[in-house]
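**Student:** Sharing the record's features from TrEMBL:
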{"type": "BINDING", "residues": "ARG77, HIS78, GLY79, GLN80, SER81, THR82, TRP83, ASN84, ARG128, LYS163", "note": "substrate binding site"}
{"type": "ACT_SITE", "residues": "HIS78", "note": "active site, tele-phosphohistidine intermediate"}
{"type": "ACT_SITE", "residues": "GLU152", "note": "active site, proton donor/acceptor"}
Amino acid sequence: MFSLSLTPAAHHLHLLSSGYFPARILISSFTVRSSSSLQEVEKSSESSPDGKDLSSELYASVPLPPIKSAKRVVLVRHGQSTWNAEGRIQGSSNFSVLTKKGEAQAETSRQMLIDDAFDVCFSSPLVRSKRTAEIIWGDREEVILTDSELREIDLYSFQGLLKHEGKEKFGAAYRQWQVDAANFQIDGHYPVRELWARARNCWDRILAHESRSVLVVAHNAVNQALVATAIGLGSEYFRVLLQSNCGVSVLDFTPHAEGGSPIICLNRLNQTPNSPVASGSSGGRKATKRIILVCHGVSEDNKASSSFLEDKPMNILGVIQSQKVAELLLDLKVSAVISSPKKACVETAVAISRVQEAADCLGADCVPRYVEMKQTNKLDVENIPDHFNQDVGDVNVFEPGWLNKLNDGVITEVWNQSGEAWKSLLNEMADEKDPEKIVVVVGHPAILLGLVGQCLNLTKDWIGSFHLDAGSISVLDFPDGPSRKGVVRCINYTAHMGRWSIPITRPTVDDEEF
């Protein structure tokens, strides 16, 4: 049992000498993000005792197995169960079943995925998950493969207790489960650490399967662990990457040119059957402050793309996308909309503001709302490429993995600028006069991806690990206030766009890239 703490330079030397791939591998003048997923055996002794701090430092890790061709994995959490509804701690017990609401959620997910070309379905053996898989899988002929390692987190003596019973019976241990889950211990076990190791093992079997498009139906905690171990995040990220009932997350795996662990992109996180902004709870805690990242609609070139430096107004599709975003956000009382000065960003911000201020006319509020409008160059990338003599004019910012085409100097500047933007946003959120402040941010996709990384306290090495589509939203909650760690409710949510949304998966026959 050990943990490994290294300086960045020593960390990379250790990875190279031991055959592991560093988080970012230099190839000519371009950089590529590769995953070294975690198999933690012990937490660092330097972890924050209250569990409030996040660290992007990798511990001793085992790379994911190499793959021969591109692979997409779609993770789905089961629908609402009877014990979910009762507020009872389930863990890996197998006594709860889907409620009527849970069955309906699974059916909604089936409709959302009905046209998708899945080759295989893996499922947890627990009834609530297996039933969800059966509903989504429908009349497909292939047999659902159950894997016991996909069961929910083992919570031992906690299992079966109502939450208030857990608090009364276990006191300090229950408190640690709530505030410092990575170091939580019960019955001689560290459940979250065990889960992270188990999730890492699952990837060996999933990636080894001869398939291009994979459906995995499992549970809240194990799906969090699958996402985190894929992109190289430790168990301190438990309850940071939310997984709602029947929420869908998508991971793209691309073969590495040099062999070894694949390049991995979290294409979307927690696309739910219901609105991602309707609930104010994040990981069981009320979220009083929220940042919503909005990707502008597509621009005036008659195709669903936008170049790195483009400054054009939106085309008709982009206008529709911005209106769909504005309609989705009508459920919230937005305090401010902050945008880049670029035309598409401003147009999207204005659409959101106008719908907000017409809330009384639209029946969403009893009085008109006032939305503060601001612009900042920190949300744009206008001058960044000039310093590095890189031609980025043809880089499509809505193409998965596009950031990997930029050289390391450009990525560093994008990351640093996103850090400045993040500091400004946290200052904006710190206003104590508005205890439930909601800020909408409309910026360049590169800066928005950087803001996701800043929220997760990562480094620039992770910026290519996420993806955003035109008209998408990503929701960052602060249940403990903006001075503490954020919780990511969703990334790249597009279900609000209906027929104009990007499919969860795409046919993979003769299509090497997604």
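Residue numbering: from 1, along the chain as shown.
For all residues, glycine too, the Cβ spot is worked out from N, Cα and C.
In TrEMBL, annotation is done automatically, which means it is predicted and not curated.
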**Student:** List the Cα distance (Å, whole number) between SER81 (substrate binding site) and the residue listed as 'active site, proton donor/acceptor'.
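**Tutor:** With the alpha carbons as reference points, the distance is 13 Å.
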**Student:** Round to a whole number and give the Cα-to-Cα distance in Å for the pair TRP83 (substrate binding site) and GLU152 (active site, proton donor/acceptor).
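**Tutor:** Taking the Cα atoms only, TRP83 (substrate binding site) lies 13 Å from GLU152 (active site, proton donor/acceptor).
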**Student:** Among the recorded positions listed here, HIS78, GLY79, SER81, GLU152, which has the most company in the form of other Cβ atoms within 10 Å of its Cβ?
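**Tutor:** Within the set of recorded positions, the most crowded position is HIS78.
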